[in-house]
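According to TrEMBL, the protein carries these features:
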{"type": "SIGNAL", "residues": "1-24", "note": "signal peptide"}
{"type": "DOMAIN", "residues": "106-219", "note": "domain 'DOMON'"}
{"type": "DOMAIN", "residues": "222-416", "note": "domain 'Cytochrome b561'"}
{"type": "TRANSMEM", "residues": "261-282", "note": "transmembrane segment"}
{"type": "TRANSMEM", "residues": "289-315", "note": "transmembrane segment"}
{"type": "TRANSMEM", "residues": "327-346", "note": "transmembrane segment"}
{"type": "TRANSMEM", "residues": "367-385", "note": "transmembrane segment"}
{"type": "TRANSMEM", "residues": "391-413", "note": "transmembrane segment"}
Amino acid sequence: MANSRFQKSRLVFVLLCFLFFVSRLRIFVAADDKSNESNKDDGYDFGVTEEDQIGDNSTISGGAYAAPSGVAMDQERSQLCNTDMSSFLPPPYNNISNMVCKPVWNTFLLRYHKKEDNVMTFILSAVYTTGWVAMGFSKDGRMVGSSAMVGWFNRKGQARIKEYYLQGARPSQVIEDAGELDLTKVPPAVVINGAMIYLAFQAKFEKPLASQPIILAFGTRYPNHYRLSSHDDKTAILFDFTAGSASRARTNAGQMKKNHGVLGTLAWALFLPSGAIVARYLKHKEPLWYYLHAGIQFLGFLLGLANVVLGQQLYSKIDANVPSHRGIGIFALTLSILQILAFFLRPKKDAKIRKYWNWYHHWFGRIALFFGVFNIVWGIHLGAAGTSWKIGFGFLITMILVTVIILETLSWLRRSGKTTPPETFQMNPI
């Protein structure tokens, strides 16, 4: 009778905790949707309001790349759009009439001209000091997966312009002489005139360009053997080539990425390993060890569940292409669900199937922990996370491993009869 009441109370406790956590998770996710923080390569929301129209007084910490403000900016842009390019651009770029000229970002101006057969001529100009300037064409507003034309002058004053494919967020994943732009036989050109650099190229498209996500970026360091340095700043815009207008793209997935990483780290690198440590090294504290183990593991499971839910929303929001990370995460969550089921199906100690249940519970838990920790490492790698993430995760895992090594050593010494460790570290073998 007492055991039956205990089973019922345990089930009620678990359900109440789960309902409470789900209610908190809704608030947590709603707050993420309102966030507009950005990371190295976030997804972009192309919803546009009147306040998003390009042409504001924004500046950046980019030295000569930053735009002036107010009336002076409008006058300077008007003068730059009226610049006679016939004296310094090579043909055919120097004799194209009726080019549309629009300011797109800070001192960046975009000129374009539509021809028959969906051939378009682009001339991007910006104030230039050193480094490189780039204009990319994206399918979804993200830098990863886009094709870009990049121009610069090296230290010897030699002009360089190449197409790059942005395969990933790291500099090593920016591949030269690759991309999806169908460049025409007209050679691209890069020219400096005064304080401005001009990138000119022609490309053919499958259909007339309408609203097109454009990536603009610059770096102040020279490319090394055509390998680009990290950008100093970038932006994404939605350019309407029909109306000749540009709209700012708002980022809204940066905080979601951070929360996804924090939840995963807390679940798989802190709570779930700690719960396993309690079960292995505190079994002499009956029944305290059991309640500690069950409570810590259940909390870790809820954090892991929230991590997968948030990761799924993030996956859809930025149209990510990381099937391995996603698959491993779902696999680890599935194993943790089986562990929760084991909590309710735990047989009595004297039951014949108890040893099989122990084997299942122990090894499924270890496998889940292995893949959970591995997926955190893989996610840090895929997301090109900063040094702080690597140091923090490394410190946490090191502390867990050191704790296990110390406790396991004390347990081995106790079993060997060489010493008697304090009662706190006594262990029942499993």
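Cβ from N, Cα, C; glycine included.
Among 289-315, 327-346, 367-385, 367-385 has the largest number of CB pairs under 8 A with the transmembrane segment (391-413). Within the chain carrying the transmembrane segment (367-385), a Cβ under 8 angstroms from the stretch's Cβ atoms is held by residues 39-41, 168-170, 257, 260-261, 264-265, 267-269, 272-273, 276, 304, 322, 324-325, 328-329, 331-332, 335-336, 339, 393, 397, all 6 or more beyond its ends. Counting only same-chain residues 6+ beyond the ends of the transmembrane segment (261-282), those with a CB under 8 A from a CB of the stretch are 288-289, 292-293, 296-297, 299-301, 303-304, 306-307, 310-311, 329, 332, 336, 365-366, 368-369, 372-373, 375-376, 379-380, 383, 385, 389, 392-393, 396-397, 400, 403-404, 407, 411, 425, 427, 430. Confidence over the domain 'DOMON' (106-219), given as mean pLDDT on the 0 to 100 scale, stands at 87.
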